[in-house]
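*Asks:* Once you've had a glance at the structure underneath, I'll fire off some questions.
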């Protein structure tokens, strides 16, 4: 039944109810008055000296002018005495009981020329009472049921079917997503293409004795494209695709989750071959027996049912389960074993090539100028996910539209990247001249050390315009993605982090609260060098941090987070202080030796507020000096760097 027919049906029911109510009201207009039999006879044959109640109605309307006789009951209409002279008087309905011995009633009626009619007590009552009142009740119940069902369907639920699966089946979506719309995760695509080939041509795999994986688990950080990959599989497979969220299984009603799992797999078997996709499966697949509330709850029942459905006594031939999560560490081991989720596909952060491909995909529908360099944007966005890059392109388009441009230029993309990475500019934020000077020298300290040290990333931009929660920023962008970072790199990172502290100390003789985050960052690096990365000779290659994964309440509570004695705790603190102090001394020496460049950069920041990489290199490396950052020598003359031994292998 389409929407228009439903509306017509709804209107007809309302009209019927209104008509029945009006009919009953008309029939029962005015209350029936019970009178004595003597009063009735007095109106029929008035007695001298006794005033009658009125006059029996004998008008032209058949509805009123007949006396109805049903066994010992008489009903009719009369006009009260006080309204006899009125032409608009409305008859009053009366009822009386006939005396059982009155045999002259009929003769009296005939003598008075009163029309009358006799009927049995049952006649007409079924249709008048049952036909109107009960029919009205039935219609009202039907109307209530219709409204209730319509309301339930409009909210997407099913009445009395809490245990039914909420999975949505996709066969041929209008907006079809394919693997051409997915970039930056080629290995993951290859794994999934194999599953699609099996669904399209299973004989090819059966002939060689291969068994397709029962389940595929997509694992990766948020925003890397796990759900997008699943949508691409739905577009490519050409088979029914059921999608559901892990949170849709668990409700407030006990047993609903397990029932929905059964119903979901029943639907899958009926539509085999098919794919079932469960997004955020960690909502239902968490480790059993772990938690403050005990080992048995609704989630465990749901998980147990899912384990049975995926690999129990009954085989689900042709039903492939896909799932996505960014918390694979909290999933139950029984869910991850071969036979259930045979294959785990890692969807990690894209590298520079992957980021460039993702930018190309998202920029297809965005008009851009011909001089756009997506490679430079990709190089300047390390650690960005696919969702971040899509947001960057959208922000660039919004900025271009705000400037009334027809095409997006490199300027908008650069500005959008800075906005996504560092937050929007707060040009209206008031800063006094004294504070602005402190900020300028603080950022100049970061920038000058980041440019002079050999193992740091190139400084891309320095600004004293507040962005987000920061009052000033020094942005460094790597030339390439790095996966193995040596000790020398981290030592230089500590020096750069403390650059603002060193600059304030050198220029003003005192430091400010603006260095608090820098100190925290440097301390974290130094502590990891000592406790996790084995970069301390005194403490050796021992892990003092324990398991650094996210705590799972119930499994990890009560476990000690301290893996060393008080003696070693003091040694760790001492080693961390020594590393930071050594880096501070080297940073102070560099700033002191390059004081003129440091002053020039700070004054340029006060004048321009933002300094680009090219302007920075002009200040730090004038034309008469070497125009590039000094590179480390290929041979190691000394095995120590500022009193801390460095690994010679990384200096080559």
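Every residue, even glycine, has its Cβ placed from backbone N, Cα and C.
The shown structure was predicted, so the numbers you read here are calculated from the model rather than taken from an experiment.
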*Asks:* Could you look at 348, 351, 518 and say which one Swiss-Prot places alongside 442, 446 in the Zn(2+) site?
*Replies:* 518
*Asks:* Could you check which of 66-86, 87-107, 108-128, 129-149 is flagged in Swiss-Prot as transmembrane segment?
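*Replies:* Based on what Swiss-Prot states, transmembrane segment spans 129-149.
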*Asks:* Helix, strand or coil at residue 224 (ATP binding site), per DSSP?
*Replies:* coil
*Asks:* Under 8 Å Cβ-Cβ from residue 225 (ATP binding site), six or more apart in the same chain: what's there?
*Replies:* 182, 184, 185, 347, 385, 386, 387
*Asks:* Other than 220, 221, 222, 223, 224, 225, 226, 227 themselves, what residues in this chain have Cβ atoms within 8 Å of the centroid of the ATP site's Cβ atoms?
*Replies:* 324, 326, 347, 385, 386, 387
*Asks:* Would you mind ranking the binding-site residues 222, 223 by how many other Cβ atoms sit within 10 Å of each Cβ and giving me the lowest?
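*Replies:* Relative to the other binding-site residues in 222, 223, 222 has the fewest Cβ atoms within 10 Å.
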*Asks:* Please give the average pLDDT for the topological domain 'Periplasmic' (26-128) in this predicted model.
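*Replies:* Here the predicted model's pLDDT, averaged over the topological domain 'Periplasmic' (26-128), is 69.
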*Asks:* Can you give me the same-chain residues 6 or more apart in sequence from residue 221 (ATP binding site) with a CB-CB distance under 8 Å?
*Replies:* 326, 348, 349, 385
*Asks:* Where's the emptiest Cβ shell within 10 Å among the binding-site residues 220, 224, 226, 227?
*Replies:* 227
